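J.: Take a look at what Swiss-Prot says about it:
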BINDING   G39, P40, S41, G42, C43, G44, K45, T46  ATP binding site
DOMAIN    6-401  domain 'ABC transporter'
REGION    107-270  region 'Insert'
Amino acid sequence: MEKTLLHLRDITKIYDDGFAAVNKFDLKIKKGEFVTLLGPSGCGKTTMLKIIAGFEQPTNGKILYNGIDIKDMPIRLRPTSTVFQDYALFPNMTVKQNIKYGLKLMRKPKDNVDQSIYLQADKVYNSASKKANEKIKELKKQRRGLLAEIKKMDLKYQKNKNIFEIKEMRKNQYLGTLDELYQKQGINKNGKPGFLNYFKSWFSHEKLNLNDPIDREIFNLKKAYKEKSGLDKRYDKITYKYNDLDYWESYWATYPQLKKEQFENKNITRLLTKEEVEKEANRVINLVGLSARKDSYPSDLSGGMQQRVALARSLVIQPEIILLDEPLSALDAKVRKQLQDELKKLHKNLGITFILVTHDQEEALSLSDKVVVMSNGQIEQVGKPSDIYDSPNSLWVANFIGKTNIFEGHYIAKGEVEFDGITSKTDVINGFSENEACYIMIRPEDFDVVKKDEGSINARVESVLYKGLMWDIKCKYNDMIISVEGVNKVNEGDEIGLDWDDIDVHVIKKDYLNNEQAI
């Protein structure tokens with residue numbers, strides 16, 4: 001079994017305004033994989049990439065690199081390099097100078113280092129590990145204590161009915177509710193706004209008649225909110241301490257490696273010489289096909305050429321993970337396809353782990369070993385490109401990944417479905433019970449256009465559009481429109497037959513959470 005290189009464990013990112021950009025994102029990535037985060041704009045994929053790179057801090061969760069949490073590790077020390085959508089090149093530097101820039105801090109082993117120095121480096125690491133383990137053990141003890149306090153606080157909220165009912169109430173909601181009560185009480189009958197009277201009564205400690213229902217409601221609300229405010233402050237203080245432990249656990253987890261690296265930088269490794277920098281830069285320039293433009297400035301290059309420079313600049317520092325933030329989205333179709341092919345080739349030849357962010361389904365399916373489909377900050381489905389396309393786990397994924405035709409029906413028996421009065425075979429033999437309601441999906445390209453009465457159904461051609469390699473055909477069957485892609489031309493108004501293979505009949509669960517959103 002291949003070892004996990006990167007485990008993004010239960011990552012959540014909530015901004016100050018309460019917006020959850022990423023919610024409980026959990027993904028394991030193996031060394032050398034090409035992984036794509038795919039989803040519509042605003043789904044959280046770019047935020048997730050920034051979290052991996054270190055440009056954003058997660059609210060919760062861990063970034064485990066070879067089992068060590070690096071979420072608090074400085075960007076320069078992470079095993080990643082990022083290729084941005086806008087290239088981010090230095091305009092005052094040539095292509096070669098841009099690529100050489102990252103090599104200024106790159107190091108390599110010194111020649112003829114005595115074996116005893118390596119043994120000392122191991123001692124430094126072991127000593128630091130011992131110290132780190134003690135610190136982490138102490139932090140875990142503190143975590144257990146704080147978690148117990150948080151549970152006690154939760155019980156306090158629950159035990160007091162009045163407090164529990166207003167637990168999520170914010171201050172402006174509280175003031176608004178009080179104002180409404182004062183309005184009911186008639187305290188503003190002198191023409192002054194009830195909201196102002198609230199402040200007046202608050203500071204004058206007005207006496208309330210607890211026999212009056214509204215006065216009693218005001219009294220209970222004030223009392224509950226005051227107690228809640230005290231609990232909130234205590235709760236926030238405890239949770240802050242609890243969350244702060246994440247930082248220190250992450251710090252001590254990386255501490256041994258950092259101490260060893262400091263020792264090695266001083267005693268074992270050295271910076272590259274000018275000659276070595278030149279040689280490495282030329283190697284990568286040749287690799288990405290920029291030899292003829294190495295002395296040009298970014299402003300003299302096309303978008304495709306500039307993106308090659310950005311990619312070369314990331315490759316030259318030899319990271320373990322390349323992060324690609326929609327690097328091809330601004331390019332025209334021909335250049336984009338060319339660079340897609342080159343990315344695929346580079347990945348195969350170099351064996352580096354690639355993590356790509358894109359909203360382009362075709363790009364994700366053609367480049368990736370693994371596709372991660374995202375929506376609303378969460379993972380909808382993870383799998384091989386063929387699995388995502390042919391076996392989506394929800395209507396939302398089915399509709400997002402390419403064109404599709406969806407029928408409502410039933411899984412009537414093992415390997416057999418029924419929809420719109422049609423009984424059809426399917427290669428789906430697990431995961432469904434007999435007569436279970438479900439959705440049946442058939443992709444447009446999986447229909448075979450045959451003569452009328454020679455297929456499984458007959459349909460009337462409503463429209464035909466030539467797309468180059470295929471004809472985009474819209475057919476009417478009963479009350480629904482079916483999309484078909486065929487190689488043979490048909491004419492509007494033709495009556496045709498449609499057929500399909502068992503393997504092309506895909507079955508989707510009907511109770512999946514996002515199905516309602518997809519209909």
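Glycine is no exception: its Cβ is also placed from the backbone N, Cα and C atoms.
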J.: Please name the residue among the binding-site residues G39, P40, G42, G44 whose C-beta has the most neighbouring C-beta atoms within 10 angstroms.
T.: G39
J.: If you count other C-beta atoms within 10 angstroms, which of the binding-site residues S41, T46 is the most crowded?
T.: T46
J.: List, in sequence order, the residues of the same chain other than G39, P40, S41, G42, C43, G44, K45, T46 whose Cβ lies within 8 Å of the centroid of the Cβ atoms of the recorded ATP site.
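T.: Once G39, P40, S41, G42, C43, G44, K45, T46 are set aside, the remaining close residues are H359, M374, S375.
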J.: Taking DSSP three-state, what's K45 (ATP binding site) in: helix, strand or coil?
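T.: Reduced to three states, the DSSP call for K45 (ATP binding site) is helix.
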J.: Identify, among the binding-site residues C43, K45, the residue whose Cβ has the fewest other Cβ atoms within 10 Å in this structure.
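T.: Minimum Cβ neighbour count within 10 Å, taken over the binding-site residues C43, K45, occurs at C43.
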J.: Could you tell me the mean pLDDT over the domain 'ABC transporter' (6-401), as a whole number?
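T.: For the domain 'ABC transporter' (6-401), the model's average pLDDT rounds to 87.
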J.: Going by DSSP, give the three-state secondary structure for P40 (ATP binding site).
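T.: Looking at the DSSP assignment, P40 (ATP binding site) belongs to neither helix nor strand, so coil.
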